[in-house]
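A.B. asks: Sharing a structure with you now.
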Amino acid sequence: MAANGAKGRKVMRVLVVDNYDSFTYNLVQYLGELGAEPIVWRNDRFRLEEVEALDPDRILISPGPCTPFEAGLSVPLVQRYAPRYPILGVCLGHQAIGAAFGGKVVPAPVLMHGKVSPIHHDGTGVFRGLDSPFPATRYHSLAVVEVPEALVVNAWAEEAGGRTVMGFRHRDYPTHGVQFHPESYLTEAGKLILKNFLEDPWTR
C-alpha cells in the first residue's frame, strides 16, 4: 500500500497531468490500486497557481501525442515545482522533464509503437528492487538526447546505433522520468515503478 499523504491526509494525493492520451487512465487505475487518490487535470485546463492550492503529495505527467512544448503546462510545471513536489514523467512526461532542464528532444533513432524492449538500469530511483534488464513497452517517436548535467541517466535500451535514454532522475530533486510505458500490461515491473515513486521517502 502507498504511504500516507502529507498534512495528515490518510490517502496520498497524486496530481495527474493528462496530456490528452488514452494511456492516462491506465496510470490512474494503477495509482488507485496502489492506494493513492489520483486527481486528473488536462494539461491546458489549469493555472500553475492552482497546483499550490491543491498541494499534492506527488505529480505524474502523462504520455501524450505531441512534443513537450506543445504539452500545455507540462514543461513550466516541472520548471516551477520540481524543487517542491516529487514528479514522475511518463513518455511525453519524461521528455517534458528533459526539456525543462535544458535537454534536447529529437526524433528517436527507431520509431517505437507498441514494441517491447529490454530496459537496463542501475537500480536507483524508481528502479529500486527491479531486475535488470526487464521488458517494457515503448510508444515513442521522440527521445531525450544531450541530457543536461542536472539529470542522471539511470535506465537505457541498447539499440543498433547505441544506447537510447529510457530513464533519468534529478541530482537534487525527487524528479524522475521514464520513456517507456509502465502502465502497459507487457511492462512486467510497471506497477512496482509506480509504487517506488509513491513510496519515495522524500519529504519537504
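Residue 1 is the first one shown; counting continues down the chain.
Positions of Cβ are set from backbone N, Cα and C atoms, glycine also.
Not measured: the values here are computed from a predicted model.
Positions annotated as active site, nucleophile by Swiss-Prot: Cys91. Residues annotated as active site, for GATase activity in Swiss-Prot: His181, Glu183. Residues or ranges marked as L-glutamine binding site in Swiss-Prot: Gly64, Pro65, Cys66, Gln95, Ser141, Leu142. Taken from Swiss-Prot, the feature domain 'Glutamine amidotransferase type-1' applies to 13-204.
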A.B. asks: Out of these recorded positions, Cys66, Cys91, Leu142, which one has the fewest other C-beta atoms within 10 Å of its own C-beta?
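C.D. replies: Relative to the other recorded positions in Cys66, Cys91, Leu142, Cys66 has the fewest Cβ atoms within 10 Å.
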A.B. asks: Using Cα-Cα distances with a 10 Å cut-off, which of the active-site residues Cys91, His181, Glu183 are near Gly64 (L-glutamine binding site)?
C.D. replies: Cys91
A.B. asks: Output the one of Gln95, Ser141 that, of all these binding-site residues, has the highest number of other Cβ atoms within 10 Å of its Cβ.
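C.D. replies: By the 10 Å Cβ neighbour count, Gln95 comes out on top.
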A.B. asks: When you rank Cys91, His181, Glu183 by Cα distance to Cys66 (L-glutamine binding site), which of the active-site residues ends up on top as the closest?
C.D. replies: Cys91
A.B. asks: Restricting to the same chain and to sequence separations of six or more, state which residues have a Cβ under 8 Å from that of Pro65 (L-glutamine binding site).
C.D. replies: Asn19, Tyr20, Asp21, Leu92
A.B. asks: According to DSSP, which kind of secondary structure is Gln95 (L-glutamine binding site) found in, if we only use helix, strand and coil?
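C.D. replies: Helix, per DSSP.
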A.B. asks: Rank aside, I only need the closest one: which of the active-site residues Cys91, His181, Glu183 has its C-alpha nearest to that of Ser141 (L-glutamine binding site)?
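C.D. replies: Closest by Cα distance to Ser141 (L-glutamine binding site) among the active-site residues Cys91, His181, Glu183: Cys91.
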A.B. asks: Can you name the active-site residues among Cys91, His181, Glu183 whose CA is within 10 A of the CA of Leu142 (L-glutamine binding site)?
C.D. replies: Cys91
A.B. asks: Do you know offhand how many angstrom separate His181 (active site, for GATase activity) and Cys91 (active site, nucleophile) by C-alpha?
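C.D. replies: Approximately 7 Å lies between the Cα of His181 (active site, for GATase activity) and that of Cys91 (active site, nucleophile).
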A.B. asks: Which chain-mates of Glu183 (active site, for GATase activity) that are at least 6 residues away have a CB under 8 A from its CB, listed by sequence?
C.D. replies: Phe23, Asn26, Leu27, Gln29, Tyr30, Val90, Gly190
A.B. asks: Please list, in sequence order, every residue of the chain apart from Gly64, Pro65, Cys66, Gln95, Ser141, Leu142 whose Cβ lies within 8 Å of the Cβ centroid of the L-glutamine site.
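C.D. replies: After dropping the recorded site residues, what remains is Pro63, Thr67, Pro68, Glu70, Ala71, Cys91, Leu92, His140.
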A.B. asks: Listed L-glutamine-binding residues Gly64, Pro65, Cys66, Gln95, Ser141, Leu142 - what's their greatest C-alpha to C-alpha distance in Å?
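C.D. replies: Spelled out: the longest distance between any two Cα atoms in Gly64, Pro65, Cys66, Gln95, Ser141, Leu142 is 12 Å.
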